Structure formats: C-alpha cells, structure tokens
Amino acid sequence: MLPGARGDAEVPGPDREGAVPQGRASHGELEPFHASLILFLGRAWDAVTDPAVGFLVSKSPRRKYGKLIPWIACSMPFGVLCYCMMWSTLADGAPVSLKFLWYLFTYNFFQICMTCYHVPYSSLTMFLGGTQRDRDSATAYRMGMEVFSTLLGSGIQGQMVGAYHGRMTNGCSFGNGTLPNSSTPGLAGSLEGTRRAYVSASLVLGSIYCLSCLILVFGVREQPGPLSPLGKAGLPFMSCLRTIVGHKPYTQLLCGFLFASLAFQVMQGIFAFFCTHAAGLAGKFQHLVLIMLVTASLSIPFWQWFLGRFGKKTAVTLGLALIIPALVAITQVSHNFPAFVLLMVVAGCSSAVLYLLPWSMLPDAVDDFMLRNPNCLNLEALFYSFYVFFNKFAGGLAVGISTLGLHFAGYRTGDCTYNPTVALALKLLMAPVPIILLLIAITIFCLHPINEERRKQMRMELEAMGRQARRGSSDHHQG
C-alpha cells in the first residue's frame, strides 16, 4: 500500500482491493457468489467515479501546494480508515444481508478514496519536468517502487496470514482423504486466527500507507510543461470524453492494457486456490508470490534498458509472450516446489512488463493527443483516470470470473475434500483463459500506431515548443 501500489498488488498485478472480497470468501465471511457480486457492483461504481474524479481533478485550480498533491493528501486518511474497516469482521450471528451491505459499503467507499489518490498520483508523471527520456526514466522508477510496495504489502500480509491458511489446509489429502469441515474446533480456531491476522495486517499496511503518502506530499513539487500548464480544463465533461475516446492511439492502448491486465489477474486471483487444490502446495503460495515479486522488481531495470534499445512495442510484445510457456508448464506440474520456483521466476520477469510498459506508453499517447489537439489542454488526469479504471475493472472482472468459476465448479468454503471438478476449473483458469487474453493483448499492442519514429517526431516538436516558451518568457522579463 505504498503510494502508487495499485492497492494493487495485487498479488503481482494491478488490484489488491479486489482481493478483499475474495479474502472474505476464503475465510468464511462471504460466499463466493456474494464476493463476486460485490466486485461487479464495485466496478460499476468505478465506471462512474473514476472518470468523474479525473474530470474534477482536471477542473481543479492550481493552489499553493499544487493542483494534484492536495487530492492525494486529503484522500489518504479516509482510504486507510476504509481499508481497515473492510477487514474488520461482523459478529458471526449477523445476518448474511447485513454482512453483504457492510462489505459493499466499505469496499465502494475505499474505491472512491483510492481513485482520489491514484488518479492524481499517476498523473504526476506528466508534471515532473525534464525530457521525454527523463519521463520514461521517472516512470520506471515509479513502477519499480510500486512493485517494491507490492512486494512489501504481499510479504507482510502473506506472512501474517499464510500460516493460518496453511494450518487450515494442513492434512488435506489430494488422493482420497478429507479433513473435517469448518465446524470442527480445530478449523474454527484457525478461521478465527485468520480473521485476526487479516485485521493486524491491515493496520500495518495502513501505517505504511500514511508514512509513504507524507513522503510524497512533502517531497514532490509539480512542474508545468509546454503542453501541461497545470491549469483548469476548459471543455465540459462530455466534450472531453468524446475527444479522448476518439483518439485512436489511446483507445488501442486502453484495450491492450485491459486484456493484458485481465490475463495476469485471472491467474493471480486463483493462484492460492490453485496451489491448494490442484498443485499440492498448500501453505506455500505466499512464498511463490514473493519469488514472483522479487523477480519482477529486479527485472524492471532490464526492461527499461530493453525498451530504450529496441523500442516499447517490441518490449511489450516479447515480455507478454514470455509467460505463455510458463503457464502451460504450471498446469502440468504438481507437488514440485523447485519447479514452481523456476516457473515463478519466468512469470515475474513477464509481469514486470505489465507493470512498466503500458504505463510507459501512456504519456506518449497523451503527448500525441495534445499535439494533435492543442486547444484541449489540462486533460492529463482524465486520461489517467480511464487507465486507472480499466486497471481496476480488469482486477474486479478477473476475481469475479474466478469466484464464479469456483462456485459453479462446486467449491465450498472450508471444505478440504479433493474435488476433481474444482481442480479442472482451476487449471482452465490458470492457463487457457489467460493465454487467449494475452494473445489478444499482444495483437493490439502490435497494431499500436505510436512507434519509435513517431516518438522521435513528438520529442522534436515538444523540444521546439519548450524553446519557444522559454524565449517568450525571457522576452517578457526583459520587457
């Protein structure tokens, strides 16, 4: 939950908020159907709030402390409060409808707070000054810290909670044995311990969130650019929306990002269940997640060098394709921890591309838009708000697909009985579904119109505009 960690992390990927309802399902607070319903309703709410917040940020004036940073500072306390509330359990005797409404309310309010934080935070990339290369470097540093924050958050929560998950599944025989159901004293005690561990982890992550946000607020200063004057957007919302949606490079980038993010988050959303019910690695999934995140964090500098040397389109195509053989192998291996470690290294290297490349390509699409529409300035926050929404929407859709798949396959919370239908559903969600989505994403990225030649042309135009602006400012002062 460090600033910019897409609340994310997503087990490795982009939507840790989506893991909250699923976590509730995993320790008995919600049925999978109710968890998926909360996710779908939350994403419908995001469809309204994300663009609305982006437009309000675009319309907000530049104040003493900047245009974007006040939004970040004001949303932080409420986001921490809602995150902790989501993991606070109601009484066991509370009606199912009351539990559903409680988690629906806290989850949606948390989403609003994270939107008010993440939209201006991600938009800051456009207002850090420097050249196009400097901005790409800043994006790499930002995404590297996001991966590190994901590593830290997943490590804290995984280590605090994973022991209880392992205790709940310890003794499950994947051949023909079963464990007692969750009504037995042993499993009931483990379930209560799991709930306390989630609450404790939320308090620790909330404290880190506060500290990181304070560092951001007091350590970053916004700097306007030739096409980014940090002013108020002059167009009404619907005019802005039509203009942005009509920009082909941006809409293609959004679609590619959606399919790639959805592919990764489908497999991330069911990874813990896959390890328990299909791979025979119950209680070890948190270690595999940490291995993937460490690899992703270490791989970002390589991919940053690679995109500078061979271009962004080549990097994103090769990086996303890298995970496909690993997914096929994962579904064919079981009870083999060393083999899974090797496959997680490959998956982590590929997930670094998802962290870095789409967010590195977005500023180029914004530059292209502003160069083609010089009268439509100060819309950076709106561009990033749709990116944030599609990122969260992919996470919610992925977790919704996985929980519904488990529901229809016959999975029941707290039941350790081996179910071949559940194992088959997990294998389908782990390989064929993500591979199809990845192939669609790769095709879209290959057709993206902004190549290295267009980036060079945009850089020359922006540098010329910057020189002209500096000459105008110098002449004004001399006058």
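Yeah, the Cβs are placed from backbone N, Cα and C, and that goes for glycine too.
The compositional bias 'Basic and acidic residues' feature in TrEMBL is assigned to 7-18.
The feature region 'Disordered' is assigned by TrEMBL to 1-26.
Same-chain residues lying 6+ beyond the ends of the transmembrane segment (68-88) with a Cβ under 8 Å from its Cβ atoms: 1, 3, 20, 23, 57, 60, 103, 106-107, 109-110, 113-114, 116-117, 119-121, 123-124, 127, 198-199, 201-203, 205-206, 209-210, 213, 216-217, 220, 222, 381. Residues annotated as transmembrane segment in TrEMBL: 68-88 (among others).
Annotated transmembrane segment per TrEMBL: 100-119 (among others), in sequence order.
Here TrEMBL flags 197-220 (among others) as transmembrane segment.
According to TrEMBL, the transmembrane segment annotation covers 226-245 (among others).
For 257-279 (among others), the entry in TrEMBL reads transmembrane segment.
The transmembrane segment annotation in TrEMBL covers 285-303 (among others). Residues 9, 11-12, 140, 143-144, 147-148, 150-151, 154-155, 158-159, 161-162, 165, 271-272, 275-276, 315, 319, 340-341, 344-345, 347-349, 351-353, 355-357 of the same chain lie 6 or more positions beyond the ends of the transmembrane segment (285-303) yet place their CB under 8 Å from a CB of it.
Residues or ranges marked as transmembrane segment by TrEMBL: 315-333 (among others).
Among the features that TrEMBL reports, transmembrane segment is placed at 339-360 (among others). Long-range Cβ contacts of the transmembrane segment (339-360) within its own chain (Cβ-Cβ under 8 Å, at least 6 residues beyond either end) map to 12-14, 122, 125, 136, 139-140, 142-143, 146-147, 253, 256-257, 260-261, 264, 279, 281, 288-289, 291-297, 299-300, 302-304, 307, 312, 315-316, 319-320, 322-323, 325-327, 329-330, 333, 387.
Under the heading transmembrane segment, TrEMBL lists 381-409 (among others).
Marked as transmembrane segment by TrEMBL: 429-450 (among others).
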Segment-segment contact (the transmembrane segment (429-450); the transmembrane segment (315-333)) at 3 or more Cβ pairs under 8 Å: yes
Within-chain partners of the transmembrane segment (315-333) [C-beta distance under 8 Å, separation at least 6 from its ends]: 256, 260, 267, 278-279, 303, 306-307, 339-340, 343, 346-347, 349-354, 357-358, 361, 427, 430-431, 434-435, 438, 441-442, 445-446
